[in-house]
């Protein structure tokens, strides 16, 4: 398939998903797009053979697929099997299907409910349904635990938006991961343990072992930061320190973003450099996938991993031009599998836009930083500047806040992140070795202390963050149109003059 039709199909599909997500026209709109596409095809065959008309009909057909995808997904999502029990006290049985999210005062788990007990009766659900449960921090719960919960079942409610921020559709945010119900602090009975997927259980056990080793070898709060950077355990930082990272604009380093995953991929590739090309790439990809599964980030981490991998694979094969196509395909497939992520998953939006910035926008800015002689620093400055500019309109639209010192803070912090991940990983693996463990933990502690000091310093700068910014959807679209024009004009300059038309 030519690039024209490939990108036309992807963009048409996303346009269809967008239209149906916003306006919810229903199946009739699918029929409308298909009829228009059919009419254009007839015109192409009967009236003329103009290729432009055929291309438009092709895009309209892909729009119809996008609309249909949203409608089918909505019908599945709306089949709420436990609605009859909402607002009542009920006993629900099932298994913990994700890594528990441990906070300072409570723990969030996702229960795959399979049984309902009520009024002396017991029903086995015709299909499992996810329930997001907030429970006490103790006793500890684990992936694969079989539980019976007794409490009031609720349907998630949307939040009132903060001043200056966009309204947050919390129900849709949870629905994208198929979490349709909630329970708050129910009575918990552990029926059995270790009933989850064998691979997941072993990876989560390894994660817990690594975490324990880091906390034994590195003092707080540096140990919590190490857990956040290496394993994505951001909540262990505590709310106060985590808020400082947000204010400075570097919270992405402790939420296991695509940047952290790219470092793991790069490290794996370099460590396996002595192997044949195919084996090296295959083992690197496998390492990254296992790492993503181990940290227990769920679908959010998986999506970020996919987007990083498609770009890395394209570059590893020496096909820089295919990186954009691979990224578009990955994004299109993920939206096809779950249309709700397009509008209701901010992490997907930011991951996709940040990765897109590396592919199409960083090359535009690279020429402005050639004066930086050190290649690694030049790459960090260029990619940081590109991603910061590229995601800025989206951040303003989603949060209504802007960090004025984010770029500078990232320049000070990002260069040491690969070293931090390297030494904290060694500490997690080798802290039990006499003398060597002490040396490694000392180096890791110095690097982590440096990051915390930089964040604390920048967080005390007055007016470092502007909040309550009103940024409309229209302004978001205009911003990306301007950025697109800049990218296209730069691309056209690279073409021979006879090919610019």
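We number each residue from 1, going along the chain as drawn.
The backbone N, Cα and C atoms fix where each Cβ goes, glycine too.
Feature annotations, reproduced from TrEMBL:
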DOMAIN    28-188  domain 'DUF4131'
DOMAIN    229-488  domain 'ComEC/Rec2-related protein'
TRANSMEM  6-23  transmembrane segment
TRANSMEM  30-48  transmembrane segment
TRANSMEM  248-268  transmembrane segment
TRANSMEM  288-314  transmembrane segment
TRANSMEM  326-344  transmembrane segment
TRANSMEM  350-368  transmembrane segment
TRANSMEM  380-398  transmembrane segment
TRANSMEM  404-430  transmembrane segment
TRANSMEM  442-463  transmembrane segment
TRANSMEM  469-492  transmembrane segment
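The transmembrane segment (350-368) makes no contact with the transmembrane segment (404-430), as judged by fewer than three Cβ pairs under 8 Å among residues 6 or more apart in sequence.
Listed stretches 326-344, 380-398, 404-430 were compared with the transmembrane segment (6-23); the greatest number of C-beta pairs under 8 angstroms is found for 326-344. Packing against the transmembrane segment (326-344) from elsewhere in the chain are residues 6-7, 10, 13-14, 17-18, 21-22, 66, 69-70, 73, 77, 169, 172-173, 175-176, 299, 303, 306-307, 310-311, 313-314, 352, 355-356, 359: each is 6 or more residues past its ends and has a CB under 8 Å from a CB in it.
When averaged over the domain 'DUF4131' (28-188), pLDDT in the model lands at 79.
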